[in-house]
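Okay, so here's the structure we're looking at.
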Amino acid sequence: MKKYILSLDQGTTSSRAILFNKKGEIVHSAQKEFTQHFPKPGWVEHNAQEIWGSILAVIATCLSEADVKPEQIAGIGITNQRETAVVWDKTTGKPIYNAIVWQSRQTAEICDELKEKGYSEMVREKTGLLIDAYFSGTKVKWILDNVEGAREKAENGDLLFGTIDTWLVWKLSGGKAHVTDYSNASRTLMFNIHDLQWDDELLDMLTVPKSMLPEVRPSSEVYGETIDYHFFGQNVPIAGVAGDQQAALFGQACFGEGMAKNTYGTGCFMLMNTGEKAVASEHGLLTTIAWGIDGKVNYALEGSIFVAGSAIQWLRDGMRMFKDASESEVYASRVESTDGVYVVPAFVGLGTPYWDSEVRGAMFGVTRGTTKEHFIRATLESLAYQIKDVLCAMEADSGIELKTLRVDGGAVKNNFLMKFQSDILDVPVERPVINETTALGAAYLAGLAVGYWKNQDEIKEQWHMDKRFEPTMEAETSEELYAGWKKAIEATKAFK
């Protein structure tokens, strides 16, 4: 009987189930979008029950359409939108509030208070993160402080917290496994990335009871099995978990120190593997856990850019400049340059290395001769400039010079953007054959745990390149363009 690995990719806007075979190829996939809730400006929430429903739906669709029986699944890997926080009742299994999404700014005031109390240095040292509404810790505190009776229930040990991976493992296992992996734990603001434990000092700071927290385990091991009534009568090992960006790093086979990938999704996330050492950042990067496997923990430096693919969506839906995102490449290629136009897409502030949530988007250098084509090109170029900002910070922090950048995500189909990215970074950009690297990474982690794949060397052999973009731009030109971007950033920051 032919066996497969099932990868569950629970993202910000949709849930997907993807079946992989022994060669790391996609056999079939199914996708289902779910509702985004915006109760107040800057707030973003999801219904965790709806997410769970979407996962059950895509599993059923994927298996039936592929004509694969549940007993043919050797293991399940889970990858997830990170930082998004769910708090649920241990007994009823029902969330006590919507999941607060990573993008949501509703805990910004809590963060300001913590900074004023002087916690920043301690948080940075222990977690590798900044005090920011982006991470899970303040979201949990907000739920406990704002949902009636929640704090009392939490103190009594009646509530459980989890990032989305934890929620899904708990549901799939019928409430038997309350676990997370190192990569997801490292994004909560409550986990010490050096001694690999939930940290009492951080929990006191956030007033979160320890009894709510999941057990932290490696990213590749069997956490439990599916309870039969959630998996067509089968007990399948749930065997791999990693946050989406770390899973993509693993799926891109960036196993060596200094290897890096950039994912172009809603936002952009660039991670560089720093091996078994946690490199502290002096340049606004995050130090995070890449994965834990074979008794070892790998660390990474991460740069987070809040607006990437969503800038292209904005051109399409908000500005109505084209009907399909793929047209952006056509328009951008019609002009030789932006004619000095810069777009800074700070719609929800700026991430790495600026970390300024107050700034908003801006546009510079506009003349009467500026056209739609210039505007679209400038928006695409802004994605590449933001990655350059991140790379400069990474090289400064790690002392490692990047040799090539592996890329994935929706926008990598845009050849104009990939070529410009290579030019502005002055390094080759490699696009893989399988772009679903996030789901692939989770599949690999699960497959290794159940012996479906032997080791990381076998996985490395499966990475194949679709196209390599080489830099051809004169250094002087790219430096000039980047200097203009830096000026645009300064001007944007001045306007608040």
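From the backbone N, Cα and C atoms, a Cβ is placed for every residue, glycine too.
Small disclaimer: the values here were computed from a predicted structure and weren't measured.
If you check Swiss-Prot, you get these features:
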type    : residues                                            : note
BINDING : THR12, ARG82, GLU83, TYR134, ASP244                 : sn-glycerol 3-phosphate binding site
BINDING : THR12, THR13, SER14, THR266, GLY309, GLN313, GLY410 : ATP binding site
BINDING : THR12, ARG16, THR266, GLY309, GLY410, ASN414        : ADP binding site
BINDING : ARG82, GLU83, TYR134, ASP244, GLN245                : glycerol binding site
MOD_RES : HIS230                                              : phosphohistidine
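Feature map: annotations from Swiss-Prot on the structure.
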residue	record	contacts (Cβ under 8 Å, 6+ apart)
THR13	ATP binding site	GLU33, PHE34, GLN36, THR266
ARG16	ADP binding site	LEU8, ASP9, GLN10, SER29, ALA30, GLN31, LYS32, VAL58, ALA439
ARG82	sn-glycerol 3-phosphate binding site	TRP102, THR163, SER183, ASN184, ARG187, GLY243, ASP244, GLN245
GLU83	sn-glycerol 3-phosphate binding site	TRP102, TYR134, PHE135, SER136, LYS139, THR163, ARG187, THR188
HIS230	phosphohistidine	LEU56, LYS171, LEU172, GLY174
GLN313	ATP binding site	ALA325
GLY410	ATP binding site	TYR264, GLY265, GLY309, ALA325
* Residue with minimal Cβ packing [other Cβ atoms within 10 Å] among the binding-site residues THR12, GLN245 -> THR12
* Fewest other Cβ atoms within 10 Å: which of the binding-site residues SER14, TYR134, ASP244, GLY309, ASN414 wins that one? Let me know. => SER14
* Rounded to a whole angstrom, what is the largest C-alpha distance between any two of the residues ARG82, GLU83, TYR134, ASP244, GLN245 that the record assigns to glycerol? -> 15
* Tell me, how many other CB atoms lie within 10 A of the CB of THR266 (ATP binding site), whichever protein chain they belong to? -> 21
* Asked: In DSSP terms, helix, strand or coil for SER14 (ATP binding site)?
  -> strand
* Other same-chain residues whose Cβ falls within 8 Å of the Cβ centroid of THR12, ARG82, GLU83, TYR134, ASP244, the recorded sn-glycerol 3-phosphate site, in sequence order -> ASN80, GLN81, THR84, VAL101, TRP102, GLN103, ARG187, GLY243, GLN245
* Do you know offhand how many angstrom separate ASN414 (ADP binding site) and THR12 (sn-glycerol 3-phosphate binding site) by C-alpha? -> 22
